[in-house]
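Visitor: One structure, pasted below without further comment.
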Amino acid sequence: MSYSVKKMGGRRRASTTQGDVSEMSPTGSDSSVYSDKKKQTHLRCERQRREAINSGYSDLKELVPQTASAMGCKTTNAAILFRACDYMHQLTSEVKANEKDIQQLNAQGCWLSR
């Protein structure tokens with residue numbers, strides 16, 4: 001069986017010559033059944049991976065403020081990631097400022113009493 005590699009859309013795909021088609025038919029050998037099963041397993045795993053990534057983007061979009069689409073346009077995944085990074089930096093700055101305020105209050109002896 002001979003293969004040639006073609007680059008399509010940034011990905012390499014193996015293609016077979018016309019004479020090789022009979023070797024890969026479902027009614028052929030056990031190896032073709034194995035490769036068909038392997039291909040189906042790969043396709044299923046790849047679909048599950050894409051679904052998990054898309055689900056993660058949806059969750060992140062809901063958690064991060066200001067990722068609502070403007071004027072009905074879909075927010076891109078890149079925009080969601082950039083806004084999530086900005087939001088994380090903002091939260092980190094707020095935590096540091098709050099910790100500084102707490103230290104200053106503790107230094108002044110201002111404790112909350114119950």
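Keep in mind that glycine also has a Cβ here, set from the backbone N, Cα and C atoms.
Residues annotated as compositional bias 'Polar residues' in TrEMBL: 15-34. Under the heading compositional bias 'Basic and acidic residues', TrEMBL lists 35-47. TrEMBL lists 37-91 with the feature domain 'BHLH'. Sequence annotations record features per position, and here TrEMBL assigns region 'Disordered' to 1-47.
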Visitor: Which residue counts does DSSP give the compositional bias 'Basic and acidic residues' (35-47) for helix, strand and coil?
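Guide: Per DSSP, the residues of the compositional bias 'Basic and acidic residues' (35-47) fall into 13 helix, 0 strand, 0 coil.
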Visitor: Take every residue in the domain 'BHLH' (37-91), average their pLDDT values, and give the whole-number result.
Guide: 90
